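Here's what TrEMBL has on this protein:
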TRANSMEM  12-32  transmembrane segment
DOMAIN    26-284  domain 'G-protein coupled receptors family 1 profile'
TRANSMEM  52-75  transmembrane segment
TRANSMEM  95-118  transmembrane segment
TRANSMEM  139-158  transmembrane segment
TRANSMEM  178-202  transmembrane segment
TRANSMEM  223-243  transmembrane segment
TRANSMEM  263-286  transmembrane segment
Amino acid sequence: MHQLGHISQNLMIILGMIMYIFGTIGNIFNILIFLRWSRLQKKSQGKCNSSLYLFVSSVSNLIIIIYPLLTRIIFDGFEYSVTKETVFILCKFRYYILHTFDLISLTCICLATLDRYLISSRKVRLRQKIIIRKRAEQLILFIIILIAFYCIPIAIFFDVSNNGRCAIYSPKFLYYYFWIFQICLHSIIPIIFLTILGTLTYKQLRKMKRTKRIRTLNSDKQLSRMLLLMCIAIVLSSIPYCIEHIYFVMTPNDPLERTSYIFLYHVITSILFYTNPVTSFYVFFISTPNFRRHIRQLIFGKSHTHRFDCETFSMINPASTLHE
């Protein structure tokens, strides 16, 4: 049993640090690319705001990786114990930052998916529901403020246990935290939303006329793959983590008294929980050739004149060929 606990710690340290490094690098690239695309969208005065939503999501993911993920590695990998002096920075503030920016990230991904669904619709009344850039910026600001205030109770009720771990001692808030934050907001709602809109968008793209340019059709297929992979990433990062909380709530024993097997499962679910913010860049990179093209341009310092095509969710170089 002691050996199993040692394996769990090493797993958290090794995989956690790999995720920390690659997640930080990936989200920095995301921020640079989506910031550039977002500016081009604004200059084009169009109504599509997908890049703006994904830019805010990438910033949120970077914050999650830099602080909550790093402290998770310290807690589970190096068995660091929280004290009364560090309870605010390592428990209250940490969980506040984690849930606030995770909800902001998920919300922005859902908004980007909705934006793509409306843009790809063949119905004029749906396309007219796309909000303008200024409204999108106001919506994002409202969402950030709303979530920031909504997560304040987390910073209030989290405390340190006798074993040096972060815990919630209020039974009522514990159940509220479990059912609302973990089950509904972090799992059920975004999974259902992305699955339904992703499926509808994919069906709409398949119905597009074949008279469209090859590049447009390729971009539509790229977007469908991206949405599907994002849904899979969210499922993998949410469901196992919720199962762990279900076990803790349904188990009559003290959840802080964990066996080696439970601790191993906790480490695995913690790693999976962070796969969504860590792997977003690699999902975009694998599924979208246009994204890969602009990453290469960013790395090698190539300067090109681009225009933004709102319909295809990509930046297009007028001098380039139709195929990558």
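Heads up, the Cβ atoms here are built off N, Cα and C, so glycines get one too.
Only sequence-distant pairs (6 or more apart) were considered; of these, at least three Cβ pairs between the transmembrane segment (52-75) and the transmembrane segment (263-286) are under 8 A, so the stretches are in contact. In the predicted model, the domain 'G-protein coupled receptors family 1 profile' (26-284) shows an average pLDDT of 80.
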